[in-house]
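Per Swiss-Prot, the features are as follows:
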TRANSMEM  33-53  transmembrane segment
TRANSMEM  77-98  transmembrane segment
BINDING   H83, H182  heme b b562 binding site
BINDING   H97, H196  heme b b566 binding site
TRANSMEM  113-133  transmembrane segment
TRANSMEM  178-198  transmembrane segment
BINDING   H201  ubiquinone binding site
TRANSMEM  226-246  transmembrane segment
TRANSMEM  288-308  transmembrane segment
TRANSMEM  320-340  transmembrane segment
TRANSMEM  347-367  transmembrane segment
Amino acid sequence: MTNTRKTHPLIKIINHSFIDLPAPSNISAWWNFGSLLGLCLAIQILTGLFLAMHYTPDTMTAFSSVTHICRDVNYGWLIRYMHANGASMFFICLFLHVGRGMYYGSYTYFETWNIGVILLFAIMATAFMGYVLPWGQMSFWGATVITNLLSAIPYIGTTLVEWIWGGFSVDKATLTRFFAFHFILPFIIAALVMVHLLFLHETGSNNPSGLVSDSDKIPFHPYYTIKDALGILFLITALMTLVLFSPDLLGDPDNYTPANPLSTPPHIKPEWYFLFAYAILRSIPNKLGGVLALVFSILILTLFPLLHLSKQRSMMFRPLSQCIFWILVADLFTLTWIGGQPVEYPFITIGQLASVLYFSIILLILPAASLIENKLLKW
């Protein structure tokens, strides 16, 4: 008798993806973040759906509808804070997932990596538009500042900004379309995740050694299903601790003030997960230059497969590259800190140095270290 799991047209897709999938026997906890990101996406779509049932995308009522969710809807406060802090957990997992790919050379799976970069852009766009929806001070001014950056594009810039705004300033039309995009994008992201997995399953997973693991594979279930379950337990514990004990830890107090176009907050800054890119944007005195640096700070990830000059795939056996990688991580922490500081001395200088170091490490120092390590292999 044939097993339904292996013959049913739909169930066999799940079987080949999560049950009988051959996986390397030595993948570490760094490979848990894919499933955690899937969980984060599911949490965000689910909590977002329930929030959308009570939210009104109108400048007059948006702020009070969020207040209504927190005060009057059954467990509305829980749903709202799970959604807000779920975004933070999403980005923590994202950064760790991308960092893992950089460290272990997973970017040599060209299609999987590039779909991943597109996913990163889509998630950043979704998070930005979601931040605008509560219509607090930081929502309004964040939307104004970031959309205004497009005016730096020569010739069509101003027209483009007014087209996105749906008027001459961020107003009702902007809020309505941002809500529409914020609702539809997660489903597009879910579809892209399927493509991401499709390309990954064409090649199979990478592993910490960076070596071909075809001779030593184990089934995904039960080994990695139980391992993922442990990761999920940790993630939910962290998320619920944040939600139930300090839900506003990562938010901005200014967003508890309703949006007022006549009063600019003293320090306009995005959510913490955008601060590194915001610091790079601010470190260049020219508007167009800043916008290009901002876009390129993420787009540079697509160059990783081209900049890989080492004879070894993973950094596991490359101490020089390891050192430089961790300097890059420290640099990103520095940029995140600077992004939240006011634009004054010494923060401007620190931000500029950190920005130069960020691009230098990726474009020059890491490839140079790879060449040195190649030479050392011959000695």
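Using the three backbone atoms N, Cα and C, a Cβ is placed for every residue, glycine included.
On the structure: features taken from Swiss-Prot.
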residue : record                   : Cβ within 10 Å
H83     : heme b b562 binding site : 21
H97     : heme b b566 binding site : 20
H182    : heme b b562 binding site : 21
H196    : heme b b566 binding site : 21
H201    : ubiquinone binding site  : 14
Beyond the flanks of the transmembrane segment (288-308) by at least 6 residues, Cβ under 8 Å: 98, 102, 105, 107-108, 110, 113-114, 117, 120-121, 124, 149-150, 152-154, 276-278, 280-282, 355, 358-359, 362-363, 366-367, 370
Pairwise CA distance, H196 (heme b b566 binding site) versus H83 (heme b b562 binding site), rounded so that it is a whole Å: 24
Residue numbers, six or more beyond the limits of the transmembrane segment (347-367), whose CB comes under 8 Å of its CB atoms: 279-280, 282-284, 293, 296-297, 300, 303-304, 307-309, 321, 324-325, 327-328, 331-332, 334-335, 338-339, 341
Inter-residue Cα distance where the pair is H97 (heme b b566 binding site) and H182 (heme b b562 binding site), in Å: 23
H201 (ubiquinone binding site) to H83 (heme b b562 binding site) - Cα separation in whole Å: 30
Reduced DSSP assignment, H83 (heme b b562 binding site): helix
Alpha-carbon distance [H83 (heme b b562 binding site); H97 (heme b b566 binding site)] in Å: 20
